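S.K.: Can you read through this structure? Questions will come right after.
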Amino acid sequence: MVMADGPRHLQRGPVRVGFYDIEGTLGKGNFAVVKLGRHRITKTEVAIKIIDKSQLDAVNLEKIYREVQIMKMLDHPHIIKLYQVMETKSMLYLVTEYAKNGEIFDYLANHGRLNESEARRKFWQILSAVDYCHGRKIVHRDLKAENLLLDNNMNIKIADFGFGNFFKSGELLATWCGSPPYAAPEVFEGQQYEGPQLDIWSMGVVLYVLVCGALPFDGPTLPILRQRVLEGRFRIPYFMSEDCEHLIRRMLVLDPSKRLTIAQIKEHKWMLIEVPVQRPVLYPQEQENEPSIGEFNEQVLRLMHSLGIDQQKTIESLQNKSYNHFAAIYFLLVERLKSHRSSFPVEQRLDGRQRRPSTIAEQTVAKAQTVGLPVTMHSPNMRLLRSALLPQASNVEAFSFPASGCQAEAAFMEEECVDTPKVNGCLLDPVPPVLVRKGCQSLPSNMMETSIDEGLETEGEAEEDPAHAFEAFQSTRSGQRRHTLSEVTNQLVVMPGAGKIFSMNDSPSLDSVDSEYDMGSVQRDLNFLEDNPSLKDIMLANQPSPRMTSPFISLRPTNPAMQALSSQKREVHNRSPVSFREGRRASDTSLTQGIVAFRQHLQNLARTKGILELNKVQLLYEQIGPEADPNLAPAAPQLQDLASSCPQEEVSQQQESVSTLPASVHPQLSPRQSLETQYLQHRLQKPSLLSKAQNTCQLYCKEPPRSLEQQLQEHRLQQKRLFLQKQSQLQAYFNQMQIAESSYPQPSQQLPLPRQETPPPSQQAPPFSLTQPLSPVLEPSSEQMQYSPFLSQYQEMQLQPLPSTSGPRAAPPLPTQLQQQQPPPPPPPPPPRQPGAAPAPLQFSYQTCELPSAASPAPDYPTPCQYPVDGAQQSDLTGPDCPRSPGLQEAPSSYDPLALSELPGLFDCEMLDAVDPQHNGYVLVN
């Protein structure tokens with residue numbers, strides 16, 4: 001439900017609930033609505049859940065009170081904090097912590113999946129919060145992406161304990177609750193279950209969602225979803241590491257007793273890659289005994305006393321866990337003092353510039369915390385109390401709404417009397433934090449000179465040149481995750497000469513601001529990082545408002561291997577093909593309507609873009625390697641310049657690139673490298689482009705998907721290039737061995753295999769060509785086939801039966817050594833044969849498309865000396881045991897007849913495309 005905007009003169013001021021001004025609507029349900037409020041004393045934003053008790057039955061009302069009871073027991077940095085409970089006759093108001101950046105569901109929908117390092121940090125926070133709950137015998141039972149919120153610093157906050165319950169070790173629960181995609185199989189089967197094991201399953205689904213951006217179990221209907229959950233089968237995408245896969249599989253085990261426990265998850269190999277630093281919790285933990293007065297924050301108690309709030313009543317409220325106005329103001333003031341420190345991302349390694357070089361600052365901070373007052377929490381002698389803001393006799397405040405409103409919201413708009421104590425003053429609005437702090441910078445008078453050790457110190461030069469800083473920002477932005485600005489702003493900051501516009505937030509509204517917050521923390525509303533600011537402070541804009549100095553963004557140096565990917569194009573690469581937001585939310589239970597949540601088809605996701613981060617790193621380091629060490633051989637010869645459109649240039653360039661490697665050495669490829677990667681390598685104009693981020697991102701991330709037909713054509717083109725290359729190399733080898741066009745070797749001669757590099761071909765093709773239509777099996781060739789000229793007069797030759805006797809001068813078959821070691825280029829078109837002519841005395845046979853006329857096993861060929869040649873050639877070709885014949889002798893009549901029983905074996909033969917190196921021919925190898 002949305003609050004209606006009536007005319008300004010009809011409104012009596014902002015809508016108020018107790019000390020809270022209602023500023024908007026965050027969410028709504030059947031019996032409750034969540035409003036965004038701001039405390040009028042502390043100026044802190046809160047989320048107020050307004051529940052209409054008159055619409056609830058006894059069972060649901062009991063669940064509401066149980067949720068309140070559970071939230072009162074929980075006090076953890078990664079669990080939404082309960083500040084106050086207000087109850088009237090028909091309404092219940094739950095004031096809780098406000099997570100400014102919303103659900104991680106929406107974050108994944110807008111930004112795509114997280115990388116495993118980010119997912120690990122998020123999952124550690126979830127794990128610590130769930131472990132905290134289980135330690136207090138509380139089970140959540142509804143862990144899902146919609147209930148994982150992100151605060152101002154992109155840290156996890158678990159919300160919505162509406163399905164939470166208490167459990168005892170060994171006792172089973174039976175309530176069917178939760179969201180179907182996250183529900184464990186024992187819930188679908190209607191069995192009793194142990195609460196912690198149920199949360200372990202849900203956390204496994206959550207981890208899968210963080211890493212993959214999709215649900216492991218999903219279906220168009222509830223029965224199909226149930227079937228998939230009970231089978232326990234889910235897809236693992238190509239980008240998931242083996243350790244992460246192992247952890248998820250051990251959590252998503254059908255048998256609850258075999259699932260990992262929280263202690264085992266903490267010790268898992270994937271979790272131990274990066275262990276977060278433990279920090280103290282925000283508030284002191286209540287033990288079995290009641291906390292003493294000394295355990296409360298004296299600074300906050302004194303401040304409340306200066307505001308006219310009874311200190312004794314505040315202490316009693318805290319000890320009794322009343323969660324009234326006194327406790328709420330105390331919690332909010334403590335939050336405003338310390339929340340930014342507890343919400344700071346903690347890293348194990350602190351950079352030297354991030355850490356102050358002296359302990360004097362820490363001692364000053366400790367002294368200021370025990371003696372002084374915060375900056376924006378002013379004492380009366382600073383003349384900053386504004387007691388006139390609140391009525392002096394504001395014992396009762398009316399819950400009033402505008403006169404114009406919709407009927408659906410009428411139940412939440414009735415005026416309720418919420419008693420509020422008398423307060424003589426309030427705090428000023430939070431001041432935007434100063435994001436730049438130099439060593440000797442003079443600060444405004446309302447800011448303390450002391451700062452916490454998280455303060456950043458800039459490098460000086462970067463502050464003066466925005467264009468140079470923006471260039472550095474662009475170069476280092478590539479390795480960082482995408483973050484949204486937490487608030488939509490109106491002011492645009494244009495970088496000089498950069499051509500890009502950045503939107504900056506100058507709203508003075510902040511969750512928590514104090515003296516430490518003002519002194520240079522980067523935490524404001526620019527959540528570009530979840531890590532500690534370190535190493536490089538980069539200017540984003542000049543002063544956008546009088547109250548804000550030049551904001552800096554602190555970025556870590558990027559991985560050099562990933563520098564080729566800018567953040568925007570990494571976002572496109574990380575984002576799944578279908579939007580994560582498309583479809584229903586997991587909380588919607590209308591599964592029978594055929595709507596699919598998270599339409600992430602992982603079977604397609606695993607086959608899209610066979611380009612992995614490994615390939616990019618390998619290609620990049622192959623390019624960087626020769627530049628770093630000139631003695632090394634070129635690492636990627638296949639990346640030579642193939643931009644020329646002429647086929648001859650392509651062939652010659654490919655020969656040059658291949659000749660840089662030995663004959664038996666091939667470029668190392670990734671096991672997962674696909675045809676598309678090879679295609680992109682040929683598309684690459686200059687290998688040096690790999691080191692430039694903006695040019696190579698298009699190569700890897702913007703390549704449109706291609707059909708199977710296009711991939712087949714590219715594959716054929718690659719085969720054609722290989723064939724042309726091998727053909728030219730063989731021709732050069734023939735020339736080297738002094739094999740003339742009309743010459744013919746001796747019958748017993750066997751050619752040695754080429755073992756050395758072959759020079760480029762220098763001999764022109766013979767003037768004879770073969771023009772015959774190709775069969776569909778054969779690959780087309782850009783060049784016409786070359787063959788020896790003595791076959792030109794026997795083009796129409798048919799295979800005739802041979803006599804059974806074979807002379808001693810029968811030609812031997814093709815050596816098996818040649819058949820095995822020749823690469824398989826596409827077969828050439830066969831030469832036609834003339835009917836009635838004698839068969840050629842060849843050491844090979846051309847394979848036609850008619851399989852029955854293929855070469856029979858071990859045919860007997862006549863001697864090559866039957867053909868008339870001139871005297872010079874004849875003297876060179878014939879051996880001592882081969883007599884010269886003056887003319888064409890009579891050839892044997894025919895081959896042996898081929899029986900029909902031998903045909904099946906002939907049809908089963910496999911074309912291995914073995915090459916006859918003497919005549920560029922091909923034979924069948926069975």
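Any Cβ shown, glycine's included, is placed from N, Cα and C.
A quick note: this is a predicted structure, and the numbers were derived from the prediction, not measured.
Residues annotated as domain 'Protein kinase' in Swiss-Prot: 20-271. According to Swiss-Prot, the feature phosphothreonine maps to T25, T175, T484. What Swiss-Prot records for L26, G27, K28, G29, N30, F31, A32, V33, V34, K49 is ATP binding site. Feature annotation from Swiss-Prot assigns N6-acetyllysine to K53; the stated evidence is experimental evidence. Swiss-Prot lists 295-335 with the feature domain 'UBA', giving sequence analysis as the kind of evidence. Annotation comment: Swiss-Prot describes S534, S587 as phosphoserine. Swiss-Prot lists 644-659, 742-756 with the feature compositional bias 'Low complexity'.
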S.K.: In sequence order, which residues at least six apart in the same chain have a CB under 8 Å from the CB of N30 (ATP binding site)?
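M.R.: Non-local contacts for N30 (ATP binding site): Q55.
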S.K.: Under DSSP, is K53 (N6-acetyllysine) helix, strand or coil?
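M.R.: Assignment for K53 (N6-acetyllysine) reads helix.
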S.K.: Taking only the binding-site residues L26, K28, A32, V34, which one has a CA atom nearest to the CA atom of T175 (phosphothreonine)?
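M.R.: Checking each of L26, K28, A32, V34 against T175 (phosphothreonine), the shortest Cα distance is to A32.
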S.K.: Do you see any of the binding-site residues K28, A32, V34 whose C-alpha is within 10 Å of K53 (N6-acetyllysine), and which ones?
M.R.: A32
S.K.: If one looks at the chain holding V34 (ATP binding site), which residues at least 6 apart in sequence have a CB under 8 angstroms from its CB?
M.R.: T25, L26, G27, K28, A47, I48, K49, I50
S.K.: May I have the list of same-chain residues other than L26, G27, K28, G29, N30, F31, A32, V33, V34, K49 whose Cβ is within 8 Å of the Cβ centroid of the recorded ATP site, in sequence order?
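M.R.: For the ATP site the neighbour list reads I50, I51.
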S.K.: Give me the count of other Cβ atoms within 10 A of the Cβ belonging to A32 (ATP binding site).
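M.R.: A 10 Å sphere around the Cβ of A32 (ATP binding site) contains 18 other Cβ atoms.
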S.K.: So, by DSSP, how many helix, strand and coil residues make up the domain 'UBA' (295-335)?
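M.R.: Across the domain 'UBA' (295-335), DSSP assigns the residues as follows: 31 helix, 0 strand, 10 coil.
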S.K.: Given the ATP binding site residues L26, G27, K28, G29, N30, F31, A32, V33, V34, K49 in the record, what is the largest Cα to Cα distance, rounded to whole Å?
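M.R.: Max span of the ATP binding residues, Cα based, is 15 Å.
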S.K.: Taking the Cβ of T175 (phosphothreonine) as the centre, count every other Cβ atom within 10 Å, in any protein chain shown.
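M.R.: Summing over all protein chains shown, T175 (phosphothreonine) has 12 other Cβ atoms within 10 Å.
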S.K.: So, in DSSP terms, is A32 (ATP binding site) helix, strand, or coil?
M.R.: strand
S.K.: For T175 (phosphothreonine), which of the three DSSP-derived states applies: helix, strand, or coil?
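M.R.: T175 (phosphothreonine) sits in coil per DSSP, no helix or strand.
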S.K.: Would you mind giving the whole-number mean pLDDT across the domain 'UBA' (295-335)?
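M.R.: Result for the domain 'UBA' (295-335): average pLDDT 82.
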